[in-house]
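Just below is one structure, and these are the notes that go with it.
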Amino acid sequence: MGRTLTSVLVVFISMAGWLGGADTGSISGILGMRDFQSRFADRYNPITNSYSYSAWRQALLTGTVNAGCLFGAMLSSPFTEAIGKKYSIAFFSGCYIIGQILLVTAVPSWVQIMVGKLFTGLTIGALSVLSPGYQSEVAPPQIRGAVVSTYQLFQTCGTLIAACINMGTHKLRKTASWRTSFGINILWGIFLMVGVLFLPESPRYLIYKGRDEEALRIMCQTAELDPESEIIQTNFNTIKSDIEMEMAGGKARWPEVFGKEVRYRTVLGFLTMLLRELIGNNYYFYYATQVFKGTGMTDIFLPAVILGAINFGTTFGALYTIDNLGRRNPLIFGAAFQSICFFIYAAVGDRKLIYKNGTSDHRAGAVMIVFSCLFLFSYCCSWGPMGWVIVGETFPIRYRSKCAAVATSGNWLGNFMVSFFTPFISNSIGFKLGYIYACINMTSAFQIFLMAKETKGLTLEEVNELYESDIKPWDSYKYVRQIESRRIHFSKEEEKREREKSKGYRGQEERFIENADGADNDDSSASSESFASAGAHSRSVFPRRSNVSEESHPTWV
């Protein structure tokens, strides 16, 4: 039951990432569709009979959704505290459907497109807080990192599928080309909204609401252990005592998010999510067409499919690295490697891609594509999914919803900055923008080294203890090793006790059998007149169930 429940949990909750990826992947291709441009672009060239967007129009069409995500992330907190993560996810999934309907029914006014993107952004931002948070609270600690990473995996899958849909619909006549792409996104919203209703609520939220029995049952299902298990009882009592201790201080207020107790973690989460976007992942998707044109490729929809496939395929690597290599090392070394990729990308693009006569160097374009793919491989194995993991597991429960909202808002602020300002900066300095991204990546590596603590394999309560301690981030792996050693010792002791109980039971059973055999021998030598009394004596050898304690014979229930 536990593995089935965890699998279902992964699929349905990670669909929240799919919604965001599908929206991003669809708009990037829709902006290039002929019918959409004829209705919503603000520039027309009669000589070439082509449409284009001004920097302001393109920035508003692509950046508005991220502005909505920024506010949506903050909206998630009051909903979580009122109705829990499960029903909040269902509610915002419905809001996503409404936003996509606004896009499908847009009239020839770009303002409705912008409003639809803003409304959709509100829901994507809220779900980006709720979904990883739900997964972190329900998943067992041994696989929590991999479970939360599936949010990013589904996000990249949604982007890839949307790019493929655009490639298939852009040749449809008139509005069907872009309305179909927007309309299919409605199906993903329905899938998540209905599916999440069949999943359990977070055990920590249930304990917070006083529903202890239901919380205990869910913990047993996900861990595949009995309620009497010492591991389950220890975890349950730890969670309950921590919640009671934190709730004794009353409901957290917004100013407390930056109070002494959690200020460090709030800043860590916000900076990690902000830098997650500023290190340049989305830059490649916004300007992939220009780079691929340098290699001689003319199909404007194919680059998005190629990069989307790489983005999706390499994210599987994170499912291994995050719970085997930990959090710190992949983030630090990933950012350093990405800095090198961006530096080479910028140098080649600035000096070699476009000649003064307007022609392109195909070899330079190929080199840039290679380092774009290497960057995406590193990003998808490190910063892509691990930012969500840090947000999901770092904060104590009393502050969790508010701190996670503030931290996730950093993600959408960074995304908005990249999508809105990149057209203006790129028009001014071209591929030199890559040098800026290279510097940001190096800054990100130092930020993780100085601030983030290793939390691989720890329960959320152990993570809280780690951040409350004076252990330096670069020494935190020692704490993890101590916890792992203690856990292994505890597991061995429990196995030893079980073996001793089993051994004691087998010894009792052997004695019962010997006594029974002795009684049978007495019966065979007894006279027929004493047979009845001998038979009665043989039955009295076996103790009655009421006379055998549960402690001495634990398998009798």
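Placement of Cβ uses the backbone N, Cα and C atoms for every residue, glycine included.
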- Annotated N-linked glycosylation site residue, as Swiss-Prot has it, among ASN357, ASN547: ASN357
- Query: Under the topology that Swiss-Prot records, do GLY32 and ARG400 share one side of the membrane?
  - Reply: no
- In DSSP terms, the topological domain 'Cytoplasmic' (385-404) comprises 14 helix, 0 strand, 6 coil
- Lying 6 or more residues past either end of the topological domain 'Cytoplasmic' (134-144) yet within Cβ distance under 8 Å of it, the residues of that chain are 6, 9-10, 13-14, 85-86, 89, 150-151, 200, 202-205, 218, 222-223, 323, 389, 392-393, 457-460, 462
- Task: Considering only the recorded stretches 59-79, 88-108, 113-133, 180-200, 433-453, state which has the highest number of Cβ pairs under 8 Å to the transmembrane segment (145-165).
- Result: 180-200
- Message: For a three-state summary based on DSSP, what are the helix, strand and coil counts in the topological domain 'Cytoplasmic' (201-266)?
- Response: 45 helix, 0 strand, 21 coil
- Item | Secondary structure content, the topological domain 'Cytoplasmic' (134-144) (per DSSP, counts of residues) | 6 helix, 0 strand, 5 coil
- Item | Contact check, the transmembrane segment (180-200) vs the transmembrane segment (59-79), 3+ Cβ pairs under 8 Å, seq sep 6+ | no
